[in-house]
Structures are given as C-alpha cells and as structure tokens.
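Over in Swiss-Prot, the protein carries these features:
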- S25: active site, schiff-base intermediate with substrate (ACT_SITE)
- Y58: active site, proton donor (ACT_SITE)
- T57, G73, A74, A75: substrate binding site (BINDING)
- S25: pyruvic acid (Ser) (MOD_RES)
Amino acid sequence: MFRTILGGKIHRATVTEADLNYVGSITVDQDLLDAAGICPNEKVAIVNNNNGERFETYTIAGKRGSGVICLNGAAARLVQKGDIVIIMSYIQLSEPEIAAHEPKVVLVDGNNKIRDIISYEPPHTVL
C-alpha cells in the first residue's frame, strides 16, 4: 500500500507577483524549488495564510536567486502581492519507505531567501 506524504515545502514565502494573463501555474525561484526537492512542472498545493485559500497548480522554475513567487492565470485571483503562502509537494511512499523519509521544509525570510532547511516540523511551534 502507498500513502501520500509531504515531500517538501516552502514555508511562509511572500508573493512577489500575480499575473492573471499568464497561462497558469506558480513561478518559483529555482533555488527554492531545489532546496525543497520540488521539480519544475510538479503538482503543488498552496495555502494562502492571509485569506485561507487552498488550491493546487504546478510549478515553473523562476530565475535563481530572484526570490520570485508569482501566481499565474486563474490562481492569481486567489492571492495579492505581499501575501504569505505555503507551497507543498506530496509524494507516494510505501509503508517501509515512510519510516526513513524526511520531508524538506524550507524556511524563508521576507525576501524569499533561504534562512534554514529542516527535515521536521516541531509541534506547536511558530517557524
């Protein structure tokens, strides 16, 4: 049996742009994608901490070091520039694989620069 488990996430990133006229997706700084183990074109779930919206799309690699977090197409209606979002990818693992798996949690600063990468989420802690 396989279970769907958190693979990686970018925690509390700041939306830098919202482009309604683009075809779709979320553009994310390639450095952040790499750090979280998220691939270009991978399906991701997004939570907007400002308004509670939860939605899915796929990733497009943005310029390295740019800090870009741009929601494109219809998803641009669900965010505003400056909103705080969490970007999560999920993977399918077998029962034996789950015990050894450690998701990559990328913590960023207000400019979407990596400030830490952890493999766990402390309970009841604000990161």
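Just so you know, glycine gets a Cβ as well, placed from its N, Cα and C.
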Just name the winner among A74, A75 (the binding-site residues) by count of other CB atoms within 10 A of its CB.
-> A75
Other than T57, G73, A74, A75, which residues of the same chain sit close to substrate? List them in sequence order, counting a residue when its Cβ is within 8 Å of the Cβ centroid of the site.
-> G24, S25, I26, F55, L71, N72, A76, R77, L78
Using a 10 Å cut-off, grab the number of neighbouring Cβ atoms around the Cβ of the residue listed as 'active site, proton donor', all chains included.
-> 13
Pull out the recorded positions from the set S25, G73, A74 whose C-alpha sits within 10 Å of the C-alpha of the residue listed as 'active site, proton donor'.
-> S25
Pairwise Cα distance for A75 (substrate binding site)/S25 (active site, schiff-base intermediate with substrate) [Å, integer] | 7
Kindly assign A74 (substrate binding site) to one of the three DSSP-derived states: helix, strand or coil.
-> helix
C-alpha of A74 (substrate binding site) to C-alpha of S25 (active site, schiff-base intermediate with substrate): distance in Å?
-> 9
Would you mind pulling the longest C-alpha to C-alpha span across T57, G73, A74, A75, which the record has binding substrate, in angstrom?
-> 10
